[in-house]
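Annotated features, as they stand in TrEMBL:
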- 1-19: compositional bias 'Basic and acidic residues' (COMPBIAS)
- 1-22: region 'Disordered' (REGION)
- 30-47: transmembrane segment (TRANSMEM)
- 34-448: domain 'Major facilitator superfamily (MFS) profile' (DOMAIN)
- 68-89: transmembrane segment (TRANSMEM)
- 101-119: transmembrane segment (TRANSMEM)
- 162-185: transmembrane segment (TRANSMEM)
- 205-224: transmembrane segment (TRANSMEM)
- 255-280: transmembrane segment (TRANSMEM)
- 292-314: transmembrane segment (TRANSMEM)
- 326-347: transmembrane segment (TRANSMEM)
- 353-379: transmembrane segment (TRANSMEM)
- 391-412: transmembrane segment (TRANSMEM)
- 424-444: transmembrane segment (TRANSMEM)
Amino acid sequence: MTINSDHDRPEDAAGKSDKTQPIPYPSQPVAWGIVALLLLIYTVSFIDRQILALLVGPIKSDLGVSDLEFGLLTGLSFALFYTFFGIPFARLADSRSRRGLIAFGIAFWSLATAACGLARNFGMLFIARMGVGIGEATLTPAANSLISDLFPPHLRGRAISIYTLGIPLGSALAFLFGGAVIAWVSASPTQSLPFFGEIRGWQMTFVIVGLPGILLSAAMLLFVKEPPRRERLNQSTEPVPIKDVARYFLARWRVYGLGFTGIAFLSALGYGTIYFIGAFFGRVHGFSPAEIGLTFGLILLIFGTAGIVFAGILADRWVAQGRSDAHVRILILSIVFGAPFALSFPLVSSPALAIALLSGAVFFSNWVWGTAYAGVAAASPNELRGQATAIYLFVINLIGLGLGPTLFGFLTTKVFADDQMIDWAYVVVALIAMPIAFICLMIARPAFARQFDEVNRL
């Protein structure tokens, strides 16, 4: 199969498919039911991914790790394997059962999360975090492709935004639920597990959080039916040859290169915030772990959720009005409106004012998540949708998750040589990330609009 270049006529490719018999979409209750299950799964994935952020104190104490090493645990160990395994898993998602792939991934990362609780040193915890990254690499490419086959184009932005509510919900619950679990298990300095002996409270937290995911793996197999694929350049079920995939993406480098890089730098700031916000409020404002969990958990739950829902509704409205650049336009506006909040909250002396400004920063930063996923789906043909999502995740996680937390730790450990300078680490990362993101997205915007129109003529 050959994929059209920028100079090919998409109408010709569209003519290869049988458009006289459109494939009906599933009923709305069925479609939204699957989205609800995927939302729950995505939420659990973020709980398993982010729970580490609340455990910085006891892990540093027990394992003797520095801020830089903790940044490697939260960022590089997860991101490296999440990104590199994402592309082969995405090729499976574009041609094989997305339902089965997701079920496998849930079981794998849940067991790996529980295994984090059995770690006795930095190396063991690093390896277990790799396993979490490998398992979670299956989810979003397959889910993004699956949801796009459940809804017509004018409803996809909303549906994908609902799915991406798993980001703030999972992150919030990691802080809220994680704080409660930590308080419970910390009532006793050690716990005992059969075959593994005594483990500490932070280790038991990983076990308690990880194992319930096995039930969601079973639910995916029992309750979800694979929907038929639509909007394909070619009706073959075989994977698109690698050389054709590469040719297609390279011809559209402004979208898949610059656009994704811009989002990646926003992600670096966002992931760094999530993983070091506990250290910030603890060191600068004297919050306890329980206070941090409650405060930041509620901020993510309220303002993160509101940001994603608002941006998803706005994207669908602008698409319905014929604005082909709607998704990228919203990303650019999130930087313009969010920058004053992101740059000011670390520097104010009042904890209440810092919380208020952080709430604004979280609201605007969460415009990115659902909008970006929906934009990737809207601008990619079906048989490349999973791989486009995987490339997106590769870039944003290699730069965002791999660089973000590590850069925060590098600044406090190596540049400032003072853990108390976490406030200025926030400012430095924001001053690097936001201008780069703005420039990349401004260049990508017209190319995205052309590509959106091309795909939606198929």
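Residue numbering: from 1, along the chain as shown.
Glycine too: its Cβ is placed from the backbone N, Cα and C atoms.
Simply put, out of 205-224, 292-314, 391-412, 205-224 has the most Cβ pairs sitting under 8 Å from the transmembrane segment (30-47). Proximity of the transmembrane segment (353-379) to the transmembrane segment (68-89) is not established, fewer than 3 Cβ-Cβ distances being under 8 Å for residue pairs spaced 6 or more apart. Three or more CB pairs closer than 8 A are found between the transmembrane segment (424-444) and the transmembrane segment (326-347), so contact between the two stretches is assigned (pairs 6 or more residues apart). Packing against the transmembrane segment (205-224) from elsewhere in the chain are residues 33-34, 37, 40-41, 44, 47-48, 51, 55, 99-100, 102-104, 106-107, 109-118, 177-178, 181-182, 185, 193, 199: each is 6 or more residues past its ends and has a CB under 8 Å from a CB in it. In the predicted structure, the domain 'Major facilitator superfamily (MFS) profile' (34-448) carries a mean pLDDT of 87. A contact between the transmembrane segment (255-280) and the transmembrane segment (391-412) is present, since 3 or more of their C-beta pairs, 6 or more residues apart, lie under 8 Å. Count of Cβ pairs under 8 Å against the transmembrane segment (292-314): among 68-89, 162-185, 391-412, the largest is for 162-185.
Under 8 Å from some Cβ of the transmembrane segment (68-89) lie the Cβ atoms of residues 49, 52-53, 56, 59-60, 101, 105, 122, 125-127, 129-134, 136-138, 141-142, 271, 275, 387, 390-391, 393-395, 397-398, 400-410, 413-414, all in the same chain and six or more residues away from its ends.
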